[in-house]
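Only one structure is covered here, and it is reproduced in the block below.
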Amino acid sequence: MMALPKAGIIFNDIKPAAARAAAELTEKFQDAGYRVYQTTGWGGILGFPRPDSPVCHTPIDRLAAEGFDEAMPFAIVLGGDGTVLAAARQVAPFDIPLLTINTGHMGFLTEGYLNQIHPAIDTLLAGQYALEDRSMIEVRVFRDERLIWEALALNEAVLHKEPLSGICHFEVAIGRHNIVDIAADGVIVATPTGSTAYALSAGGPVITPDVQVLQLIPICPHSLAARGLVFADTESLVVHPPTNHQHLILSLDGNSGCYIWPGDQVRIRRARYRTRLIRLQPPEFFALLREKLGWGLPHIAKPLSVELP
């Protein structure tokens, strides 16, 4: 007897609307002959570090909940962008495509809204969709050449000082090129997907998702010569933290990650995994910039979370 196909649901259990939708979809998929596996976005949350416990994490390929594996053809994400980022971290090692439904605020990474969920699922089950691949980064922390922490990020990795501490001097090496010194409050290493997140707020450029690059953006640099840098994602990057600070904080996709001590190395490269997004309509990145961020609109206009003409 053949096993039933799998369907995954990852939802933000803090939001009642997402929890209700998860229950409705479970019944819908079961009626369609699927085995349904549920989990929350908490599985992809990296936790809150403490200086005396810097390795509070799970290895990259062990974040997924039971039932989420290569045999799962898709998973539904119910939440905002934070839930999507956490879900991507969980399922990327198994190449599971995600259909993302917004129950949050911005919804920059989501495909549809909650009031569109049932026709969206019908379209999905009919196989009428395309896949859009997004690159990720793999972040590893080494201490005395020993790996102590690792994680995936879809948006960015941020290494920054704690509040009320002085300016930092980061030594950064890209590929085999000379090490550069960056005097700043922190540095951001972002993917094209992350170019519309923290990197944008720090003065970085918007990069379309299909471009195979990474970007290095200083946070509040103390130099007129310090500018963001876009480079090929075939290059790896190593950040040496400053020696005049007891510790720094490394965070990924807005999550706490771990503390970085003097002498540690933060090594970042394009991940061998990817995030696969299910698209029910051909993606239109520039329309999304206009809708969500107000790109190209008159300065008196404000972006709305609705489709604009």
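Using N, Cα and C of the backbone, Cβ positions are placed for all residues, glycine too.
DSSP assigns Asp81 (active site, proton acceptor) to a helix in the three-state reduction. The annotation active site, proton acceptor is assigned in Swiss-Prot to Asp81.
According to Swiss-Prot, the NAD(+) binding site annotation covers Asp81, Gly82, Asn155, Glu156, Asp185, Thr196, Ala197, Tyr198, Ala199, Leu200, Ser201, Asn255, on the basis of sequence analysis. Asp81 (active site, proton acceptor): 21 other CB atoms within 10 A of its CB, across all protein chains.
When other Cβ atoms within 10 Å of the Cβ of Ala197 (NAD(+) binding site) are tallied across all protein chains shown, the result is 24. Within the same chain, residues at least 6 positions away in sequence whose Cβ sits under 8 Å from that of Asn155 (NAD(+) binding site) are Leu85, Ala190, Thr191, Thr193, Gly194, Ala197, Tyr198, Leu252, Asp253, Gly254. Annotated pair Asp81 (active site, proton acceptor) and Ala199 (NAD(+) binding site), C-alpha to C-alpha distance, rounded: 16 Å.
Taken residue by residue with DSSP, Ala197 (NAD(+) binding site) is part of neither helix nor strand, so it is coil. Of the binding-site residues Asp185, Ala199, Ser201, Ala199 has the largest number of other Cβ atoms within 10 Å of its own Cβ.
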